[in-house]
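Q: Let me give you the structure first, and then I'll get to my questions.
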Amino acid sequence: MEEYYMNTAIELARRGEGQTQPNPLVGAVVVKKRQIVGMGAHLQYGEAHAEVHAINMAGSLAKGADLYVTLEPCSHYGKTPPCAELIMKSGIKRVFIAVEDPNPLVAGKGITMLEEAGIEVKTGLLRQQAEELNKMFLHFMRTGLPYVTLKAAASLDGKTATETGDSKWITSEAARLDAQQYRKSHQRILVGAGTVKADNPSLTCRLPDAVKQPVRVILDTKLTVPETANVLTDGAAPTWIFTAAGSDVRKKDRLTALGIKVFTLETDRIHIPEVLSILAENGIMSVYVEGGASVHGSFVKAGCFDELHFYFAPILIGGTLAPSLISGEGFQSMKDVPHLQFTQITQIGPDIKLTAIPKDGKDGDDVYRNR
């Protein structure tokens, strides 16, 4: 039954997906005499935490009850008071925590507060599932870098468009809808200037339940993106541009006047680790990279990705000049290429979605998540 209660808390936490960052996804359940008497989830950044909703719902029944929570309760004052204090005041006798919070503001302090108050604390229940739930938050807190997901759609022979650039549409509507879920769950959508010039995308989440739009990030070495592009003019979401030293200063001023945030790097090329460091400094914990091929190649070459989503359609495009999934410098030796482990293979309509994470190809250790 303990696993059932924690799984219920995990499912509750999912309701806040795409709405709580930079906060984690958290769900909580209050149980008394084997009955759920309170439940809650953190649904939006700045609003009440899961434990608050669950304990308030339980009311007086919280006294002597058990609390199941997906992440260690906070112990500090932020936008809301510390949940650990509320738990102590409520009379909860036992707390089951799936994962400890690596945030330096918490990092075991919540557990210590509860234990010093005489509350029994047990950790690790459904740890793996809870880690997966909050992989972006946990990765950011542990490494100081955003969680990076690479996404691409291609024909079965790995082509993302025909030789003429025609790419609408390679994959089915069902596959494109699936990708929208990840636009919702990531804080930033990133593409290169070539994608903007070729497709003029809006790069927004079109799901009806999307509470807020991810900020659009454009990598544009020479600041060549058209000033009439949708991402600069539609007002649907903020847009950030990373450009290299020597790019057009007057154009930068015009873009800034439009409300576009422009980051000018000190080098004549855009280095992916530097981009991620700047994003991290701005509190960004997740990035959804949608290409194009040279951008994907840069992330792969730099070893700067944590997950990969490739959608393959049952079509063949061919053509020597037709663009492929990944371009750029590539690798000169097989001993240097990144090895991946498939975590999921799913059929979505007529298409196949491959989900993978980087591995070193030897002992199964994840080489990029701890970079």
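Even glycines carry a Cβ here, placed using N, Cα and C.
Predicted, not measured: the structure shown is a model, and the values here were computed from it.
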Q: Of His49, His53, which one shares the Zn(2+) site with Cys74, Cys83 in Swiss-Prot?
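A: Matched candidate out of His49, His53, per Swiss-Prot for Zn(2+) with Cys74, Cys83: His49.
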Q: Given that Swiss-Prot assigns Trp169, Thr195, Asp199, Thr221, Gly292, Ala293, Ser294, Val295, His296, Gly297, Ser298 to the NADP(+) site, pick the one from Ala130, Ala153, Ala237, Ala257 that the record assigns to that site as well.
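A: For NADP(+), Swiss-Prot names Trp169, Thr195, Asp199, Thr221, Gly292, Ala293, Ser294, Val295, His296, Gly297, Ser298; of Ala130, Ala153, Ala237, Ala257, the listed one is Ala153.
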Q: Other Cβ atoms within 10 Å is the metric here; tell me which of the binding-site residues Cys74, Cys83, Leu203, Val295 scores highest.
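A: Per the Cβ count, the most surrounded site is Cys83.
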Q: What does DSSP call His49 (Zn(2+) binding site) in the simple three-state scheme?
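A: Coil, per DSSP.
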Q: Check the domain 'CMP/dCMP-type deaminase' (1-122) for me and report the mean pLDDT.
A: 93
Q: Compare the C-alpha of His49 (Zn(2+) binding site) with the C-alpha of each of the binding-site residues Ala153, Ser167, Glu290, and give the closest one.
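A: The answer is Glu290.
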